[in-house]
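Summarising the annotation, Swiss-Prot assigns active site, proton acceptor to TYR153. Feature annotation from Swiss-Prot assigns NAD(+) binding site to 8-32. The substrate binding site annotation in Swiss-Prot covers SER140 and rests on similarity to another entry.
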Amino acid sequence: MLNGKTALVTGSTSGIGLGIAKALAAQGANIIVNGFGDADAAKAEIAQAGQGIRVGYHGADMSKAAEIEDMMRYAQSDFGGADILVNNAGIQHVAAIEDFPPERWDAIIAINLTSAFHTTRLALPGMKQKDWGRIINVASTHGLVASAQKSAYVAAKHGIVGFTKVTALETAQTGVTANAICPGWVLTPLVQKQVEARAQKEGIPVEQAKRELVLEKQPSGQFVTPDELGALAVFLSSEAARQVRGAIWNMDGGWVAQ
């Protein structure tokens, strides 16, 4: 379905980004990996998911505009540009507003929000020239609702939601679409560690700890998975989604419906 297309997925060496990259690869897209995790392992997983595709890597620090610009030049020179751009890179810090370190605020806004502006502004000219492109911003349920202690993350994710809508309006009469995915709790290695710590602290089975953690926010009592988010990204990249523009699609087990 995506043969001949190239997808650049930021923050794709693990978790959600890796799941999305593998799903796009399985549909024939070449993949450019980015992130601070094990790049070789991620590239191997992605290559296995998509037989015969090309997989590249650029280790741009998404808080630095100059490195993002270098990554986008790499995408253009080595792959002919990014046809599908998935802005997924993100970090988190939890603290009350009055205790929130200003440098952590700046880093979260830079990586979770400003990086998407830089990748988008640099990808759009090529997409418009081809009259085809897909921009998928990985926001969060925290782009729609808030939780205490997460001021920077919530601000950044609300910003991504607004930025997605503006991008969709500015590309509405082109073959380029822009949409956002808002995951709830996702079962990633980082979250699994939180589950295991809770189980140990409370002396309960891991499965019980997992369910209790999820039920605090998600009525379904089940985690979203990177594979499920990957399937949604594939749909948003498809021709069937050519008129899906500016959608803010939550996949959250009912979190935001409450």
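Every residue gets a Cβ built from N, Cα and C, even glycine.
The residue listed as 'substrate binding site' is 11 Å away from ILE16 (NAD(+) binding site) when you measure Cα to Cα. Here SER12 (NAD(+) binding site) comes close to LEU18, ILE20, ALA21, ILE31, VAL33, ASN34, GLY35, ALA42, VAL86, ASN88: these same-chain residues lie at least six apart in sequence, with C-beta atoms under 8 angstroms from its C-beta. Put simply, SER140 (substrate binding site) is 19 Å from LEU8 (NAD(+) binding site) when counted between their Cα atoms. If you measure from the Cα atom of ILE32 (NAD(+) binding site) to that of the residue listed as 'substrate binding site', you get 23 Å. Taking the C-alpha positions, the distance from TYR153 (active site, proton acceptor) to the residue listed as 'substrate binding site' comes to 9 Å.
SER12 (NAD(+) binding site) carries neither a helix nor a strand DSSP state and counts as coil. DSSP assigns ILE32 (NAD(+) binding site) to a strand.
The C-beta environment of the residue listed as 'substrate binding site', restricted to residues of the same chain at least 6 apart in sequence and closer than 8 Å, consists of TYR153, LYS157, CYS182, PRO183. Taking Cβ-Cβ distances under 8 Å and a sequence separation of 6 or more, the neighbours of LEU24 (NAD(+) binding site) in its chain are LEU2, ALA7, VAL9, ILE31, GLY50, ILE84, VAL86, GLY230, ALA233, VAL234, SER237. Its own atom aside, the Cβ of GLY28 (NAD(+) binding site) has 15 Cβ atoms within 10 angstroms in the protein chains shown.
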